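Copied over from TrEMBL, here are the features:
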| type | residues | note |
| --- | --- | --- |
| ACT_SITE | Cys362 | active site, proton donor |
| BINDING | Gly249, Glu291, Pro292, Gly293, Arg294, Tyr391 | pyridoxal 5'-phosphate binding site |
| BINDING | Arg294, Arg331, Tyr335, Glu363, Tyr391 | substrate binding site |
| DOMAIN | 40-297 | domain 'Orn/DAP/Arg decarboxylase 2 N-terminal' |
| MOD_RES | Lys67 | N6-(pyridoxal phosphate)lysine |
Amino acid sequence: MTNQITDNDINADGHLQIDGCDAVELAHQFGTPLMVYNVSAIRNQFHQFNKIFEQNDIDYEISYASKAFANTAMYQLVNQEGGHIDVVSGGEIAVALHAGFPAAKMSFHGNNKSLEELRLAIQNHVGVIMVDNFHEIQLINQVVEELDETTNVIMRITPGITAHTHEFIQTGQVDSKFGFDLASGQVEEGFELLHKNPRVHVLGFHAHIGSQISSPDGFNALAVKMMRLANKFNNEYDFTTEVLDLGGGFGIQYVSTDGYLAPEKFVESIINTIKEQASQYNLQIPSIWIEPGRSIVGSAGLTLYTVGSQKRVDGIKPYVAVDGGMGDNIRPMLYDAEYEVVSASNPRAQPVEEVRLVGKYCESGDVLIKNASVPSLNAGDVVAVLDTGAYGYSMASNYNLNLKPAIVFVEKGKAQLVTKRQSFENLYELDNNLELGD
């Protein structure tokens, strides 16, 4: 769902619907807060990415960025669509394996992979490790020797490109914790160390410049630098770059004032730039990999909340509280992220006031929407905060010992609970009683 409600999003009762499922009924059946994902929308975005590559007759890989949102059902859905996944922790590897996702279709990212995580990846024959730094090279060499295994790697580089997005989600600039610095010769030094080990096969290069990016300019600049690097390594090391992974970060529209470009348009621009560069350098076009996350699930998800208390003081913008908040969506606090909200029972209702939509957590900063234009709302009403599919549940917490919400997938009028709501017992099941003292 985009943040523009259409006739297709409203059912015969005038309620908000998600792919044929009544949002109010979902809230009553599964409770709130409730995260709802439109499976058809997720499938469609995969199809759009596939289509643009196939039209250009390019070898490619669409590697879904697990960090945007992951659970067992999501990994199974990606597998149904023929996608790959990028994983950034032992936990993501473990859940993906539990889901039956093929290890060969995983790429393992991260700037501080532990020895245990690398063992898990290499033992299970994860398809490729995105090697990030010199310390990791040492660990990889240790693990492949210890396990008598081989592994594929791709070198993550820091390209020196500053993406136009929030500073917390910029990752391609020189001053970054990620990757081998391109300007200082670290890439060459790291490559030579990796190339010495016959158990390690270097496939190519990877970079990621940030997230929620609204213009293709940064990606085009990255493609130019990556192809220049491929040409340099071809000339100096007689190395053929099999893979160029340009990461993800394709932005989506959260509010009507956001600039927006269809995610597949970013990819089309990248492909055209790489084709031009390949022709200039007389190089074969490598396999192009991308890592969309937000652009796959962001607009496919929404969160249903139930309205509770309200606070009204003359001269002050009213506060309307819901039964969730920063525990299920930290992005407004962390990134000043903006969202739009509608009444689930009457999404076309005209706004009558501007309020602060706030959560139930013991923080003054627990504000979901600072300036929410809403119709008249009362306790018990169900509201839908739109486009929350990315970096909501994946960044959720048990702050104040609140429960994480349930997750429902819907498709063509059918709804399935794919992650249960936590119980109070889940909050203490890992605890031990105190044995110290009297």
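Just so you know, glycine gets a Cβ as well, placed from its N, Cα and C.
Feature map: TrEMBL annotations on the structure.
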{"residue": "Lys67", "record": "N6-(pyridoxal phosphate)lysine", "contacts (Cβ under 8 Å, 6+ apart)": "Asp86, Val88, Glu92, Gly293, Tyr391, Ser394"}
{"residue": "Glu291", "record": "pyridoxal 5'-phosphate binding site", "contacts (Cβ under 8 Å, 6+ apart)": "Ser63, Tyr64, Ala65, Asp86, His208, Asp245, Gly247, Gly248"}
{"residue": "Pro292", "record": "pyridoxal 5'-phosphate binding site", "contacts (Cβ under 8 Å, 6+ apart)": "Gln45, Phe49, Ile62, Tyr64, Ala65, Gly248, Phe250, Pro263"}
{"residue": "Arg294", "record": "pyridoxal 5'-phosphate binding site", "contacts (Cβ under 8 Å, 6+ apart)": "Ala65, Ala68, Ser211, Gln212, Gly248, Gly249, Phe250, Gly251, Ile252, Gly389, Ala390, Tyr391"}
{"residue": "Arg331", "record": "substrate binding site", "contacts (Cβ under 8 Å, 6+ apart)": "Ala337, Tyr391, Gly392, Met395"}
{"residue": "Cys362", "record": "active site, proton donor", "contacts (Cβ under 8 Å, 6+ apart)": "Asn400"}
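Residues Gly249, Glu291, Pro292, Gly293, Arg294, Tyr391 make up the record's pyridoxal 5'-phosphate site, and a Cβ search at 8 Å around their centroid adds Ala65, Lys67, Ala68, Ser211, Gly248, Phe250, Ser295, Ile296, Gly298, Ala390 from the same chain. With the fewest other Cβ atoms inside 10 Å of its Cβ, the least crowded of the binding-site residues Tyr335, Tyr391 in this structure is Tyr335. When the binding-site residues Gly249, Gly293 are compared by the number of other C-beta atoms lying within 10 angstroms of their own C-beta, Gly293 comes out lowest. The 10 Å shell around the Cβ of Glu363 (substrate binding site) contains 14 further Cβ atoms across the protein chains shown.
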